[in-house]
Amino acid sequence: MDALLQLKGIDKAFPGVKALSGAALNVYPGRVMALVGENGAGKSTMMKVLTGIYTRDAGSLLWLGKETTFNGPKSSQEAGIGIIHQELNLIPQLTIAENIFLGREFVNRFGKIDWKKMYAEADQLLAKLNLRFKSDKLVGELSIGDQQMVEIAKVLSFESKVIIMDEPTDALTDTETDSLFRVIRELKSQGRGIVYISHRMKEIFEICDDVTVFRDGQFIAEREVATLTEDSLIEMMVGRKLEDQYPHLDNAPGEIRLKVDNLCGPGVNDVSFVLRKGEILGISGLMGAGRTELMKVLYGAMPRTSGYVTLDGHEVVTRSPQDGLANGIVYISEDRKRDGLVLGMSVKENMSLTALDYFSRAGGSLKHKDEQQAVGDFIRLFNVKTPSMEQAIGLLSGGNQQKVAIARGLMTRPKVLILDEPTRGVDVGAKKEIYQLINQFKADGLSIILVSSEMPEVLGMSDRIIVMHEGHLSGEFTREQATQEVLMAAAVGKLNRVNQE
């Protein structure tokens, strides 16, 4: 079968790093090609070379059988290559239709925008995705998951021959994911080629026909998905066997460190639980169940309307994140790029940002040597892959960005560490490193709350698990009691089992 798109022998270097070396990718008509690899393997760089954002140093790009070079995203888009980025690229103040057709609005014979036609065309695109809202709605009023579906509708509006999807389900619900897969199958039947970039093994084996593996900027293999298992694919990605993906540390927790009684706030109703020293408490539940809201009320980022929180036996009132930090409660956001990191600043500046008090003299000036020493220690401890601590953090892979975000929280020497979706968008190799770090914190007596949508992660890492449903606590389970079936029953409200100490 002739490829619609073929990249061969692609090299790309940046100062101090060879991002791609002999990389290759084929996209076939009517098939979905998964592109997988650890963060930093070169997947994003390859997409930027393909769409013309980066100029390749060596290699060839064949588009519909002809040697081609794209000058930028616009030329690749006009040629028939569409890309759905992991980061949303929408304007909240405009309607869905205005976002979809921005810069190419329909005009009537008088040169004015034909709003009726534009909304009708946009509504048809939304209907293809089985979405229930209309295109005259403002994008800013949509959930993150619905905004991602608008991004997909926008790319479909170009009638692209090849569509690149970069972690497209990262913010989608199961229903939205099912709708996306239905659309992908429809696109396949029309002879379009899909590049599907994802860390989610289940999705790759469900929707993809072929898979291309990158490792350290190099092409490792192209295989039919049907010939592989999850384990064999992961081993190709990381170059080693993965034993025990969730390395649980079986230490007995200590005395109660945090006690939450009848806590209420936006999206949180009458929640009570305890957390012990050296314990990992998993928080499970469906999207919108109130898990993140509970953590933000606890940390001080959202207002508490009633209830009590005690830390080491003393009542704590957190009216702001600063109060949370001052009391030893650190929250690592689920959205590290929006809430957790300053992408234009360096690794060092991001890591030490909340701990500057520890590196400040009485007059307010910084002890730069102390700061550099501490940052260097964390970079080594966390195995952060960066050319230097002065590197802009936005240039690091997702897994390394997440390590920096966690290190920043630990620099303030907290008593309670809240990790909200700590491995979202992180590859399997970096996940294992993060799990090992979490176990190290646990062994040191740190109390950890692990919020995750990945049930195997919650089940594998937690000592106890509580489940949220519609702002309430719907279940509490020991490690031995917890199964995927039990957690799901509690998450949908079919089971209510809460045993408080």
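Quick reminder: no glycine exception, Cβ is built from N, Cα and C everywhere.
According to Swiss-Prot, the feature domain 'ABC transporter 1' maps to 5-241, an assignment based on sequence analysis.
Neighbours of S44 (ATP binding site), defined as other CB atoms within 10 A of its CB across all chains, total 20. As annotated by Swiss-Prot, ATP binding site applies to G37, E38, N39, G40, A41, G42, K43, S44.
Taken together, the residues in the domain 'ABC transporter 2' (252-495) have a mean pLDDT of 88 on the 0 to 100 scale. Summarising the annotation, Swiss-Prot assigns domain 'ABC transporter 2' to 252-495.
Within 10 Å of the C-beta of G40 (ATP binding site) we count 23 further C-beta atoms, all protein chains included. Around E38 (ATP binding site), taking its Cβ as the centre, 24 other Cβ atoms fall within 10 Å, counting all chains.
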